[in-house]
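Asker: Pulled these features from TrEMBL for this protein:
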type: DOMAIN; residues: B:7-518; note: domain 'Cytochrome oxidase subunit I profile'
type: TRANSMEM; residues: B:26-48; note: transmembrane segment
type: TRANSMEM; residues: B:68-91; note: transmembrane segment
type: TRANSMEM; residues: B:103-126; note: transmembrane segment
type: TRANSMEM; residues: B:151-177; note: transmembrane segment
type: TRANSMEM; residues: B:189-216; note: transmembrane segment
type: TRANSMEM; residues: B:236-260; note: transmembrane segment
type: TRANSMEM; residues: B:305-330; note: transmembrane segment
type: TRANSMEM; residues: B:342-368; note: transmembrane segment
type: TRANSMEM; residues: B:380-402; note: transmembrane segment
type: TRANSMEM; residues: B:414-436; note: transmembrane segment
type: TRANSMEM; residues: B:456-480; note: transmembrane segment
type: TRANSMEM; residues: B:568-587; note: transmembrane segment
Amino acid sequence: MADNHTIEPQVLPPNPEKATLEGRNKYLGFWFFLGGETVLFGSLFGTYLGLRGGTADGPGPSDLFHVDLVFIMTMLLLTSSLTSVFAIINMKRGNYKGLLLWMTATVVLGLAFLGFEIYEFYEYNHQGLGFGVSAFASAFYTLVGTHGAHVTFGVSWITVLLIRYRKSGLTLTNAPKFYTAVLYWHFIDVVWVFIFTVVYLLGIGG
Amino acid sequence: MSYEKAQSKNVIWDWLTTVDHKKIGILYLAAGAFFFAVGGLEAILMRIQLMFPESSFIQAQTFNELLTMHGTTMVFLAAMPLLFGFMNYMIPLQIGARDVAFPFLNALGFWLFLFGGILLNVSWFAGGAPDAGWTAYAPLSSESPGHGLDFYVLGLQVSGIGTLIGGINFLVTVINMRAPGMSMMRMPLFTWSSFVASMLILFAFPALTIGLLLLMLERLFGATYFGVDLGGNVIIWQHLFWIFGHPEVYILILPAFGIFSEVLPTFAKKRLFGYSAMVFATLIIGFLGFMVWAHHMFTVGIGPVANAIFAVATMAIAVPTGIKIFNWLLTLWGGRIQFTTANLFALGFIPTFVMGGVTGVMLAASAADYQFHDTYFVVAHFHYVIIGGTVFGLFAGVFYWWPKIFGYRLNETLGKVFFWLFLTGFHLTFFVQHFLGLMGMQRRVASYLPGQGLDQLNFISTIGAFLMGVAFIILLVTIFTSMKNTTNVSDPWDGRTLEWTTTTPVPEYNFAQTPLVRELDAFWYEKYEGDGKMKAAEPIGDIHMPNGSILPLIIAFGLFVASFGLIYAVYPLAIVGLIISFIGMFLRSVKEDHGYHIPAEAVKRDKDGGK
């Protein structure tokens with residue numbers, strides 16, 4: 001029952017997230033889950049690509065999208081991925097305070113991203129792109145909105161972890177939890193890179 | 001929770017909170033059997049309506065609902081859960097594990113499936129079941145009035161999440177939880193095929209999730225994806241559905257292949273012929289299963305090039321399947337074959353499935369498919385593969401594993417009566433449907449005109465359906481009258497694999513000592529090369545067990561409530577349901593639950609008690 005106790009940083013195994021069978025299961029299971037999520041987003045991308053021409057006389061991609069806004073959002077999310085990497089580096093060094101600090105930074109950046117996304121949707125709606133106006137509108141909101149829902153879930157998840165484990169120190173139980181949360185966060189980032197390319201760059205360029 | 005506390009739980013509470021893979025397996029089997037009976041009754045009602053031309057036994061609308069619910073129920077709520085029941089119970093035993101990788105998620109998967117299935121069937125009492133066919137093609141589904149399709153969308157969504165969770169759980173269990181010596185290439189074929197099927201679940205179900213999400217948003221929230229007037233495209237639904245739907249049929253058949261690959265060697269007293277070829281054939285079928293979805297859409301107009309490519313890819317699947325058929329035949333070749341009920345189903349499967357495979361290749365010829373499409377020929381084809389494959393596999397599994405799971409042997413005489421009645425009824429029902437289809441009878445029609453040469457064959461088909469119904473009743477009689485056969489239940493068939501090394505009833509920790517696996521067919525090897533007992537890989541010690549939890553049920557129940565809120569647009573109710581679910585997840589995340597230990601003395605006591 002060693003996993004019950006807080007382990008001092010100096011006796012922590014080098015990869016605390018994979019030191020127990022539970023941790024290894026969680027790690028592998030989460031990778032599989034991300035595989036499924038890939039198909040999920042792949043289906044949404046396919047739908048969007050199939051429907052992005054169907055604007056039905058409503059506003060289209062080139063009327064709406066602006067590179068500057070999306071660039072800021074991209075930078076926020078990419079930076080948040082970087083901060084989560086710093087968090088894991090700190091975890092492996094046994095610096096629990098650093099882990100919490102960098103994870104908090106990740107949450108803040110994620111919230112900022114969400115703020116921009118809400119502003120973006122509000123603005124598009126204002127310009128006549130209601131959810132059911134055209135097939136393009138529905139497909140756009142569904143794809144980008146599903147990503148936004150993932151960001152929201154990720155922010156909430158990490159926040160719960162940060163509050164729950166604010167004083168516990170690093171243990172063999174919470175190390176896999178932080179690690180999988182960061183995996184999830186990277187995945188959301190990668191999806192955004194594709195959204196940036198397929199939705200926005202393609203929308204503005206073509 | 002302490003060991004003593006874990007021992008003294010109320011029975012009902014124990015089942016509602018269980019995270020034991022064996023109990024969850026039994027729950028899956030029970031719920032699956034219930035839905036199997038419901039789906040069977042729906043089929044018999046349809047066959048009664050089609051017994052005579054222009055019959056008015058059932059209204060056309062009700063007929064549409066029956067055919068939709070029959071297909072949906074049989075695929076999602078009967079066949080898959082029954083297979084999941086065996087997978088849950090047998091995979092950990094076959095690989096020498098004490099439990100699955102995620103016991104909590106395993107329970108969650110079951111409750112999600114059950115609540116999804118109940119939700120779907122509530123539609124019967126809430127103004128009409130879904131009526132757009134199990135494939136729910138848009139715009140028929142997106143424009144269908146009433147709430148039937150809403151129940152379809154949310155019921156399948158909820159149960160689909162459960163299936164996905166189950167799939168991930170099996171994948172990790174197989175990779176991480178194998179006993180020492182149990183390398184991948186020593187795993188029993190049932191575990192292998194379940195592993196590949198879980199892979200298919202993982203990569204196929206998200207496409208259905210998105211399809212259902214789109215349909216839900218279009219029906220309930222005013223989105224438009226399928227409305228052509230607003231730039232939509234109805235073919236998107238078909239692609240998403242079949243990207244999921246074609247792998248789905250391999251999800252149904254592969255575990256059944258696995259069961260046959262266990263049953264045939266056991267009753268032929270030979271090791272499986274071409275084990276590694278079987279494994280690779282399974283993997284190839286799983287891979288190709290993702291490459292052929294558009295063969296369901298030959299007549300949509302995706303063009304001759306796409307049709308040709310998908311036709312060739314489809315025909316290619318006949319090769320690994322053929323490898324399997326020949327390996328089963330060569331397993332039997334020269335064996336000392338015992339004609340037990342389980343083996344009869346396996347033997348009956350081979351020719352039946354070959355017939356379904358041949359019509360499959362006929363359908364794969366895309367030019368000819370323009371004639372076959374949407375006729376009873378297709379109905380005959382997929383019933384030959386799904387009943388002849390999956391259902392025969394399930395029945396073989398029932399007779400084979402029943403003693404291990406329930407602690408008594410099913411009566412073989414009654415079992416054989418059941419087999420012959422079922423086999424006869426099945427072929428009577430579906431063989432003639434090939435000809436009905438070739439003569440031009442459309443599938444999914446509620447009636448037909450007299451004097452077109454369809455009367456006689458339809459009548460025969462219905463008689464066959466009655467026979468299958470009678471056979472199912474005999475199966476139930478067998479189950480309830482065999483309870484006294486409680487002798488010789490630990491290893492009744494002179495088994496080859498690890499599940500037969502456990503005592504019956506199987507203790508909650510499965511193996512007092514984790515077994516050491518030295519060869520393929522580990523138990524058989526020890527019987528003939530060792531002393532007939534598995535070598536232990538560890539001394540007897542405390543055994544760590546997970547605690548039961550009511551949270552899986554609560555999380556699933558929350559989604560059930562939320563679904564009603566969405567269907568009837570009562571958004572406060574939807575929010576309440578989601579909050580219930582999220583509180584459940586939150587508690588699970590926040591509360592560290594390290595389980596409890598069964599002390600070594602108790603394990604030793606069980607072992608010496610001869611239990």
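Residue numbers in this text run from 1 along the chain shown.
Each Cβ is built from the backbone N, Cα and C atoms, and glycine gets one as well.
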Asker: Restricting to the domain 'Cytochrome oxidase subunit I profile' (B:7-518), report the mean pLDDT as a whole number.
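Answerer: Looking only at the domain 'Cytochrome oxidase subunit I profile' (B:7-518), pLDDT averages out to 96.
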Asker: Counting Cβ pairs under 8 Å to the transmembrane segment (B:103-126), which of B:26-48, B:305-330, B:342-368, B:414-436, B:568-587 comes out on top?
Answerer: B:26-48
Asker: Using a Cβ cut-off of under 8 Å, list the residues of the same chain at least 6 residues beyond the transmembrane segment (B:456-480) that approach it.
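Answerer: Cβ under 8 Å, 6 or more out: 37, 40, 43-44, 47-48, 50-53, 395, 398, 410-411, 414-415, 417-418, 421-422, 424-430, 432-433, 435-436, 441, 448.
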Asker: Would you mind listing the long-range same-chain contacts of the transmembrane segment (B:568-587), meaning Cβ under 8 Å and 6+ residues beyond its ends?
Answerer: 147, 220, 551-552, 554-562
